[in-house]
Amino acid sequence: MPIITLPDGSQRHFDNPVSTLEVAQSIGPGLAKATIAGRVNGARVDACDLIEHDASLEIITTKDEVDGLEIVRHSCAHLLGHALKQLYPNAKMAIGPTIDSGFYYDIDLEQSLSQEDLEKIEARMVELAKTKYAVVKKKVSWQEARDTFESRGESYKMEILDENVARDDRPGLYHHEEYIDMCRGPHVPHMGFCQNFKLLNIAGAYWRGNSDNKMLQRIYGTAFHDKKALQAHLTRLEEAAKRDHRKIGKQLDLFHMQQEAPGMVFWHHNGWSVFRELEIFIRHKLNEYGYQEVKGPLMMDRVLWERSGHWDKYADAMFTTSSENREYAIKPMNCPGHIQIFNQGLKSYRDLPLRMAEFGSCHRNEPSGSLHGIMRVRGFTQDDAHIFCTEDQIQQEVTSCIKMVYDTYTTFGFQNIVVKLSTRPEKRVGSDEIWDKSEQALIDSLKAMDIPFEIQEGEGAFYGPKIEFTLYDCLDRAWQCGTVQLDFNLPTRLGATYVGESNERLIPVMIHRAILGSLERFIGILIEEYAGFFPTWLAPEQAVVVNITDKQADYAHEVAQKLQKCGIRAKADLRNEKIGFKIREHTLKRVPYMLVCGDQEMEAGEIAVRTRKGKDLGKFKLDDFIAHIQAEIASRKLNLEE
């Protein structure tokens, strides 16, 4: 009979197979009431599943913000299915998984759902959840599951069974009163746990993500353990909507996208100014950290991509073209090109480390449904670098990369950075000795800099361990940007060698390094982080000179010209409009400084300075203001005096 070991080491003996809920009941009614599911020997199970042998058990409760919340959200997806089938009996249910901060359900319904319909569906979900009905799990044979869904006309569930479930498996069917769904689970024991949810929006999604399949309707929702957490999340979503880079990009005339070039960015003058400033900043860092900048071809013969191994792994994501009976691929990444540059001319150990960087224009054929403004595109620019070094140089080079990452991120104001180290997978290339040495070098580099990190066992690429840097923005959203990836494979495949101290030919270790990742995506992140209020050094327009009447027009024009000659992005607004109108317009455009020229300022050779947040900085002599703004730009100061 089972002996159950709890997390505190205590044991409970039972005469018969016992469920997680029954164990909780044996401890106390309060725990039983809060029990959502269990974790038996590390595997999640439903609260009703019987434990037949000795096992360790963790009880998942409403206090669990990871597994407990994920289970509640998954059960809310089933609740959504229950409500949908009551309101739209002809709807065919596809899949309803959890995602970050929520869940969705894909449905096949002839009627296009509106926001009004969404409110009706949510109201029905509330009615159902209030009854706190029991969720009943039944393990059935494959055939019984298929017969169940065939009788209900659920063709998508039948397809999942046919293609993804073994015939000898026993699928779990979850009964929500008259509604039945299929899932691996676990799920909540009753709907009393699903009281704090919100349906968010509707989008289109191809079945199985394949554009050759039917377009389904995807309903997104979110759920939390309590009302306070739900409301806080909804408030963050409202703020995120205000900061949406697509909306602000249009408002500030930064860029646009159009149907004739899906996933490709049309940079306008203002947006391109931001892009170029980022390039200048990264180039400054490249010089500081000893990189040489190179430029590889946009397109290379298929033969090279086959030799590198990318053709086998990335062919579907590569754009191709043919000419003179040769097939070419537009590069999805820069690394094979950088090895071609390294291979030109004999290299000695004295030439290493060799740090090669490129603002590489890359293209990947991302699914149309995944494209999102400039955050997820098909054409993008990588601030990519590859370091060729010896095994003994790994740690010093990794340390330098990490310093560069932190130097860069702190310049933009990102302080909350989560670091993950991925170690060797089961299937890999390279000796255990080089893996030992490399993993230890990464660990030592992080420890030497007092950087906390999480080890992801077995999550490294087959060709080397990796460090990932994830930024958390002002809305606590995670953005994985920087990587430091060791590679023992590609230099071998593409014939990269150097002459060692003993005159032997050796293969260099290659370190892939990205700081921003994609410049397009990083600009999108910055737009939303700053809500369009770029720091002065990045702002497309750094100052605007406005006159009060036509009398000061020439003076305002002269002021703007002098600012421009001093390298400041400035212009004069000499329109015959009221001063209040002009100030409001440029405030909405997030111009850092507005320089007002009236009669007094013109006579004294001064300007009246105010910030975009409405702060009056008083009057400045023009040269004094130029010195002030130049110092702010040169220091890449984050915040204005506002």
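For all residues, glycine too, the Cβ spot is worked out from N, Cα and C.
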Co-listed Zn(2+)-binding residue [Swiss-Prot; alongside H386, H512] among C335, C566, C597: C335
Per-residue Cβ crowding (10 Å cut-off), top of binding-site residues H386, H512: H386
For the domain 'TGS' (1-61), the number of residues DSSP places in helix, strand and coil: 14 helix, 27 strand, 20 coil
For the region 'Catalytic' (244-535), mean pLDDT (0 to 100): 92
